[in-house]
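Per TrEMBL, these features apply:
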- ASP26, ASN28, ASP132, HIS133: Mg(2+) binding site (BINDING)
- ASP106: site 'Important for catalytic activity' (SITE)
- 208-234: compositional bias 'Polar residues' (COMPBIAS)
- 295-344: domain 'GRF-type' (DOMAIN)
Amino acid sequence: MRFYRLLQIRAEALLAAGSHVIILGDLNTAHRPIDHWDAVNMECFEEDPGRKWMDGLLSNLGCQAGSHVRPFIDSYRCFQPNQEGAFTCWSAVSGARHLNYGSRLDYVLGDRTLVIDTFQDSFRLPEVMGSDHCPVGAVLSVSSVPAKQCPPLCTRFLPEFAGTQLKIRRFLVCLKQDPVCKQSALRLSKQTQVQMHQNKARVRSTRPRPSQAGSSRGQKNLTSYFQPSSNRPQASPILELPSVGALMTPKTLEEEVMAKVVEGQASASEAKDEKEVRTSFWKSVLGGPLPMPLCGGHREPCVMRTVKKPGPNLGRHFYMCARPRGPPTDPSSRCNFFLWSRPS
């Protein structure tokens, strides 16, 4: 509410100075019942302080000239006074955008004279994704004229931004340095270079010279990795022993085929038994997730959620309907199923 009051004071001061004013953005308040998905079931909807503030700021709907007590006009309701479901914000957690279960919190407000004389349209872009809000905009029949100077309350004049970058062009322009700073920078760079040379000389002095380490050692080329070392003792030649098959009596062709078949069947049965043992073991160790319960309204698998609100149930898991949130009268929207998850 303090922000609302400051915003209204600033906007009315600009109007009193002879300027036109547009208030554009997220005001975080659904003004009228037509701007909220569940205004009928909300108690004291009209008594909300934010809505009362908007009642005092905005004129009655319509672009016709009339009472000038309220200085601003909601441009969207000026062109679409009876459009239902014209929401700009939806809950991303509950998937409410799928069923257009939201509210209109984003506005393009203009002073009365400006809206009546220059506004041609005001629109929403609900098909643009990427946020829980959708863009809003307006079309004006005006030409832009650059101001001679920045407004007094421009951000560049605020104390916390003094002395910082003012234009992006300064990234691409070589700034003139102070001679004293330049000399100190050169002196520092020379000292750094001298220190680096000293460190290199110290490292070089500790390395063994080729004459000390022996000129025969060291990698000559890449193929030396694959050549046997000359100083390693050579292995004794391997004596060739007669194979086991040579000592056994030769088998007939039929006997060899039968032996291969029996050996294959035995290995297959052993592999199958080993696989079954492993599968049963891991199933006993890792039971896997339990099947999701079915919601009462649609008999469909639920989703698990976690309580994040501080309190005695913080961190507990529960099941709820997996469908997106929507109007209670819509059968395709989420049902009221709820079930606590049992601790594992």
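Glycine is treated like the rest: Cβ placed from N, Cα and C.
Neighbour count (other Cβ atoms within 10 Å of the Cβ, all protein chains): 12 for ASN28 (Mg(2+) binding site). Neighbour counts of Cβ atoms within 10 Å were compared for the recorded positions ASP26, ASP106, ASP132, and the top value is held by ASP106. Taking the centroid of the Cβ atoms of ASP26, ASN28, ASP132, HIS133 as the Mg(2+) site, the other same-chain residues with Cβ within 8 Å of it are THR88, CYS89, LEU105, ASP106, SER131. Using Cα positions, the member of the binding-site residues ASP26, ASN28, ASP132, HIS133 nearest to ASP106 (site 'Important for catalytic activity') is identified as ASP26.
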